[in-house]
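Heads up, the thing below is written out as structure tokens.
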Amino acid sequence: MQDETTQANILDEIGATPVRKNGHISGDSERIILNVGGVRHETHVSTLRTIANTRLARLAERHLLQRHRREEYFFDRHPSVFNSVIDYYRTGELHVPLEVCGAVVMRELDFWQVDQHVIKACCWRHYRSYIENKRILDSFQRSLKKETFSVDVSKFEGWKKFQMQMWLILEHPRTSKIAMGYGVISLLFVVVSILGFCLETLPGLRPSQISDNSSNENCPGNKTKVLKLRENEGLYILDIICTVYFTIELVVRFVFAPQKLKFIRSAMNIIDLLALVPLYMQLILNSDKNRACYMNEQLIIEIMFVLRIVRMFRIFHLVKHYQALKILVYALKASLQELLMLAIFLIIGMLIFSSLIYYAERHKINSGDPETISTIPLGFWWALITMTTVGYGDKHPTTTFGYIVGTACAVAGVLMIALTIPVISNNFTLFYTHVRSKGVTGPPKSDSSESLTMDSNDDRDREAEFDEKRKLSSGSLVVEAYMNGTHAIRKLTSKSGSPQYSPILRRIPESNSLVDICDRRKCNGEFDLVRNNSNKAKSDDGVTYAGETTL
């Protein structure tokens, strides 16, 4: 008797439990075997009862209430994640495996009814990155869906069918070879138009204003000063050709646009319209001899020069042809919060360092040096170009304290940009790899439909494929709440030939997911699979299911 007491004390010191060959240890010290995905775990009932209102805690309670206790419980779940779950019961700390996708971890924690917020800080960042990436990709997919225009041309007849076919050619270059050819021609005209705009700024090709003082009886004073814009003849002809092409293109696209209001509101269409204004204004001015009587010609010419700049924005037509540019736009949209944070940092730094540099250089204000920062608004300019590491050198400090302020300003700028720009870069990389791996493409190369296709990355689409999941193991029936809808009782036959019955599954809204186990050798009569009272667990599709069966 004393030897047994000494042996028990030694086992308690090392944390071990004696194993009896005949019979079981009763109560919380009794051991229980869990087979999860083919991996057997043996632990104490008391261990499973440490975390209340969880699936394993209820299993432990039910195990103790059974007269004929089974030796092993089987769950067809992810074994690696369960290793972390069972360790959480043992140690009170939840660490998740880093090699497992966050979606799998979330699903398994939901099944075992373990709160995800108990994950330790060292693993939380990895687990949370899945949620953040999923949020960003969901936003990316929503943006793609907004630009998707799906239509089956075969369903239309007459003018409507012809309109849709022409719209595919005009707007989506990847739908057919004709559309691709038109897209190439349109892109060439855009490039030529921008090239002509750049060449006319050269000294030998630059347009000039000439004055023509002539008398006009229709104007008061019988004398007017007429301004004319003289351009290079070759570039002028090129400009006319491009303008005529873009005018015809804009009119044709409007005629065949299926949604006229959306077409008018499009930013690119507004840019195309404004880019046509300068040439038509010039033609009107040159054809009206009395324009000097009622127009400020100098102002009109300045407006024409400003509107010429709009031509440069035609380059955004490349977005339709080059997928990476479209992804860049999405990355910027997804990073608006980070861009706003960067702007706030720059404004704060600009205000602080412009004030410091002004007072550091205030003794040099009256020196007449043009490179001196003589006002705080000039300090704004200096602070911005310093923080962005541009540093033109047109304004710079000349005092010792000014050098110190300049150094601090440059270092602060590097830190600000280094903390925000990588976020935008990561978003672009995430979108680009997602596009390459999941097959985001432009509209399909077909005349019958117009759409933007993407392979779904939504777990719910995969869950819909599973109507039932039933496993028979050692005479035990395992039911998992992945089902959708109502199913009739089905009679199954085990290897031994004894009948097995799969339960009817029915939706229970606003309740919790349920898994239960019934050993057909031990159950008698009717039994109900009662839903859990815990608010932690929900099934993957957000709906809980309960089952009933009758022997």
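Just so you know, glycine gets a Cβ as well, placed from its N, Cα and C.
Here's what TrEMBL has on this protein:
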- 30-129: domain 'BTB' (DOMAIN)
- 179-199: transmembrane segment (TRANSMEM)
- 235-256: transmembrane segment (TRANSMEM)
- 268-287: transmembrane segment (TRANSMEM)
- 339-360: transmembrane segment (TRANSMEM)
- 372-392: transmembrane segment (TRANSMEM)
- 404-424: transmembrane segment (TRANSMEM)
- 438-469: region 'Disordered' (REGION)
- 457-469: compositional bias 'Basic and acidic residues' (COMPBIAS)
Which of 179-199, 235-256, 339-360, 372-392, 404-424 contacts the transmembrane segment (268-287) most, counting Cβ pairs under 8 Å:
235-256
Which stretch, 235-256, 372-392, 404-424, tops the Cβ pairs under 8 Å count with the transmembrane segment (179-199)?
235-256
When the domain 'BTB' (30-129) is classified with DSSP, how many of its residues are helical, how many are strand and how many are coil?
50 helix, 18 strand, 32 coil
